[in-house]
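Enquirer: Handing you this structure, nothing more for now.
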Ligand code: IPM
Ligand code: MG
């Protein structure tokens, strides 16, 4: 088997610390499960701007295009807040998603048993929760043209963005959504704002057509995005797979993250179109950001990024057994009572980023024995 080409982009802030823990897990997989990785590391975001004057260099982008999978930490921080818009750290992230064609963003929100009490919601509302938010990632309001800030003849200014989707864009994200639903509980909820926005009227019509023509075995429902946000905190277990527009998905996935106790627990996978061999370009990153307030203090939660690597093994390398191993190791570490600050609960042991990473490796050893 050819070595798996991994590009690692730690990025900014806590991205660097949490990725250091993922490196331990990768090393463990290489040593103990004899998986051959060819690893390169690169810069993205503010740390790339500091060196290259751009948040995503051509060199990093080329490496991403050539990789079997990209692992990303997080980008951004106050240090770069005053940069011009087009070189802000976030532009690097948006550009790599767009250039790699990663239109399908899988954001699973799973409440691990040991953490059901860490959520701000009542235990019975979130216990056992296992939902998948599928966010369209390369279109919609984030990328629509025209966009900008203009000065009008009278000296006032106008800021604008465009919400736009074409039928092929809706169909390709729709197919991923129905496919995911088919592999789970065959229930898909499409989230839109069809009572106000024409673009999402089209979205709804296309989803209905797709269901009739290609996925009659999947039950399709629709919900307005404001109601969906409310339902996510009222009764999240009514959902299984949700599919939605780029910005709606950005907002709903942060909301779903808190059901699980902390943003520090949520992994994500961003996938492109399958090629003739069935392989997809892919990037894996935690849903959380660079958390500048706690960066460099060895207190960030590395579990979302570690579980993003598990998703990488599952979706890019078809290694379900190894992915399960990582997820089970994480579950056991939490059952054992270790907690980073963000998920700290009374009676548990508060540990650093590093100690959490080491604990996952020790648990992998036990599970693999
Ligand atoms: C996310 C983040 C990004 C987004 C930012 C950092 C550009 O919030 O991945 O959810 O808005 O997509
Ligand atoms: Mg977000």
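Using N, Cα and C of the backbone, Cβ positions are placed for all residues, glycine too.
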Enquirer: Please state which member of 107, 147, 234 TrEMBL lists alongside 97, 135, 226 for binding substrate.
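Expert: The one candidate that TrEMBL places in that substrate site: 107.
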Enquirer: Where ligand 1 binds, which of the binding-site residues 85, 250, 299 are close by, with Cβ under 6 Å?
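Expert: List returned for ligand 1: 250.
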Enquirer: Ligand 2 is in the model; which of the recorded positions 81, 85, 193, 226, 250, 299 have a C-beta less than 6 angstroms from one of its atoms?
Expert: 250
Enquirer: Select the closest residue to residue 77 (NAD(+) binding site) from the following recorded positions, measuring between CA atoms: 193, 226, 250.
Expert: 250
Enquirer: I'd like the number of other C-beta atoms within 10 A of the C-beta of residue 142 (site 'Important for catalysis'), please.
Expert: 19
Enquirer: Looking only at DSSP and grouping its letters into three states, which state does residue 295 (NAD(+) binding site) belong to?
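Expert: Reduced to three states, the DSSP call for residue 295 (NAD(+) binding site) is coil.
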Enquirer: What is the nearest of the binding-site residues 97, 107, 226 to residue 85 (NAD(+) binding site), using the Cα of each?
Expert: 97
Enquirer: Which residues does residue 291 (NAD(+) binding site) neighbour through Cβ under 8 Å, counting only same-chain ones at least six apart?
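Expert: For residue 291 (NAD(+) binding site), the qualifying residues are 13, 14, 74, 300.
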